[in-house]
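Notes follow the structure.
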């Protein structure tokens, strides 16, 4: 374990004494540090009748148990304090450590011994070995009452709301869109779990088209065959325009009632939301238009879908109506809401957070967009190519639409609406222009970057450098598209498409608690986060604060060599079938230099800290009238590296409240690996100038082009080996073209440029 503490805020002596007193601690500045520590331990061991037994089972140093120490006239020393503090946090002397000073340095222990008041205050804010902060662990065990009222410590709300007394209800928000064309505003189901509280509370909202269930069978049937040739496109200039959605006004009258009439049963939830509920934040789950128990079509990422989610925030602020059921006869107001909202969730859920932020809706104070899409084109396409998300060959937008159109899971809804839905889906297939891979109006209407100037909320991103599903380009573009005055924070980790709120190495959920307590509850604090919090890839459990993602002025340039080299596209039938059957086999052979590729290796002569998108400048020609170029850059050679999927450290040990929704403790393993992908990218040679320009490829005519690979942050040291592989067809991402052509690369006039921080 290694500590990386971002949620803790230094406090004045007056504030520390006051907050400790509110918890029942009577720390006296006139007492000796030893006396104050003894009092502190007696308080936190409240579950024990015989506190002396516990003290006798702990040690003060390698020769003295703690009870004996307190009964002696020995003074409290740095060594004794650290030994005791570590035991309080769940570490075992003689098992986890022998030399306490060396161990504190190894785990980057955040407390510096000196001021016992500050030391004990910070100790309560420090994570235990099993993931909870000490104060959260104590509260979960009943240290203070469940008063169903707010109690703050170090700027964070404590779990003093009973999750068992939470109100669970369902309402149906009247949206301002009519996506199914029936002349009525679409109703959207909202599942609510909120604290039992006499006043008003804020909400964390998860906008998830998956929440009401998915139609996996229909989605699987809509997958595309990737074993097709790359199309030769007609040269043209693509034009798009900014469009607006058509909204619909509320209809009819309804009687006002005070209570919701539909009870919410068990639902799937997000553990960050679970953590926030007993801390006084209502949890809202909204599937949106085209989903089970809601109305409308699944419009998949456009601003009609986002408008319906936005209207839930409008309802929380009194600007839209909600009904108790589908009859629309009884209206229910969100009188319990203080109008302040944060959004949460990963992938499609984080995507909707991005989209919602670009509406500038009043009441949306914070978005926590985890691995979210910023432009849907960049999810299913890249530089004029059809590209599948990593791990999902053959998926395209209509297969996602089929997956999330969960109205068809209700047989009656299927009978009434499936015919119209199929017609809608047929039109969507045409609009995708899968045969060309080109940008068009359909994709432009699902590009949130062009509306980023409207963002008013504070923004938190999380994203993985190894996320080849929602690639790092999405967060990079959104991060840089935000207006300069918007506060933004990026947790850039080394995982894949994963959550980070239950990782041992980073206090992410406590940081979100501090931020939301400040922004949604109005609690006064000095809490702030740096622009970028980056997980160091060169060692286990180490995070660093950075000023920016990209925007580097310095580049390291690597020339590709001399002469010309060829890349053949067509494989033998045997190899083609092997690779088409398992793209992982293709990847393994690609990285080993065994496919049809150009392989270039460099040994670094100095340390290199990459920050931003790598740039490839190529001079090449195709033997035919089309072609694609693929590139991957690897940290190559056996070494210990972070692996992208979190592993389980301890099951169900992180209490999200008070014996409530226990979470697993996870972390990225630091393990021996043969290589690591740093970045990758793909380009249709007919889009070599830009996305809106489709050009002719003249056979055997040299072309000069440059394109950026996926942005990343990655640290390399002197002596490390870089491997660049250039090839055509990628059996995981691109269409699997069988055309017998080759690319010739002019190595002398081609180069790789890596942006880096100054040494």
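Note that the numbers count up from 1, one per residue, in the order the chain is shown.
The backbone N, Cα and C atoms fix where each Cβ goes, glycine too.
Look at Swiss-Prot and you will find 347, 467, 497 tagged as active site, charge relay system, backed by similarity to another entry.
Overlay of Swiss-Prot annotations on the structure.
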residue	record	Cβ within 10 Å
347	active site, charge relay system	20
467	active site, charge relay system	25
497	active site, charge relay system	21
Inter-residue C-alpha distance, residue 467 (active site, charge relay system) and residue 497 (active site, charge relay system) (nearest angstrom): 5
Separation of alpha carbons, residue 497 (active site, charge relay system) and residue 347 (active site, charge relay system) (Å): 8
